[in-house]
Amino acid sequence: MSSPFLKQVFNKDKTFRPKRKFEPGTQRFELHKRAQASLNAGLDLRLAVQLPPGEELNDWVAVHVVDFFNRINLIYGTISDGCTEQSCPIMSGGPKYEYRWQDEHRFRKPTALSAPRYMDLLMDWVEVQINNEDVFPTNVGTPFPKSFLQAARKILSRLFRVFVHVYIHHFDRIAQMGSEAHVNTCYKHFYYFVTEFGLIDTKELEPLKDMTARMCR
């Protein structure tokens with residue numbers, strides 16, 4: 001029997017952003033398949049995130065950034081009907097953490113926004129980054145820019161904030177749909193990956209520190 005979570009995910013009335021996919025036949029597509037195979041085989045997530053022998057770190061990171069964006073976007077999409085201007089007027093992770101939005105265009109200074117507005121801007125911003133050939137080159141032989149890992153760190157740090165908000169403010173919705181195991185697995189995969197390669201500052205991980213200590217022992 002399909003779970004309420006899956007029904008919610010495949011509800012035709014829900015609008016999700018089109019997934020960024022890897023072109024078949026490319027090295028990154030093969031890496032993506034290998035990463036998925038490891039997960040599907042039930043391999044220990046700590047081992048699954050390790051860089052395969054002979055592979056380039058940038059390629060491995062690019063594959064995972066895109067995959068995490070697709071997964072986290074989906075998780076937020078399933079609870080988004082309960083994340084409104086009224087319920088979440090501030091993008092936060094409990095009373096101690098407030099996230100302000102800043103970008104290169106409209107919001108040049110950190111700006112307090114509601115959670116749904118912040119999420120919209122965040123997902124749009126990530127989508128632009130991963131579809132920008134100058135940042136995420138897709139053609140074999142096109143080198144990554146020197147700033148690639150820095151860009152990946154910023155994307156992953158901002159995506160982590162989605163986990164923070166969902167876990168702290170909407171976990172009852174996740175539990176109601178019976179999808180804790182799915183979300184927890186996504187989170188552990190994300191956490192092991194970013195810590196394996198030092199892609200998020202420890203300070204940024206602070207809001208979920210206690211939960212992570214219990215979940216990722």
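Any Cβ shown, glycine's included, is placed from N, Cα and C.
Curation plays no part in TrEMBL annotations; they are all automatic predictions.
Not measured: the values here are computed from a predicted model.
For CYS83, CYS88, HIS165, HIS170, the entry in TrEMBL reads Zn(2+) binding site. Proximity of HIS170 (Zn(2+) binding site) to non-local residues of its own chain (separation of 6 or more, Cβ distance below 8 Å) is seen for ILE79, GLY82, CYS83, given in sequence order.
Its own atom aside, the Cβ of CYS83 (Zn(2+) binding site) has 20 Cβ atoms within 10 angstroms in the protein chains shown. Other residues of the chain with a Cβ within 8 Å of the Cβ centroid of CYS83, CYS88, HIS165, HIS170, the Zn(2+) site, are ILE79, GLY82, SER87, ALA115, PRO116, MET119, VAL166, HIS169. For the binding-site residues CYS88, HIS165, the greatest number of Cβ atoms within 10 Å around a candidate Cβ is found at HIS165.
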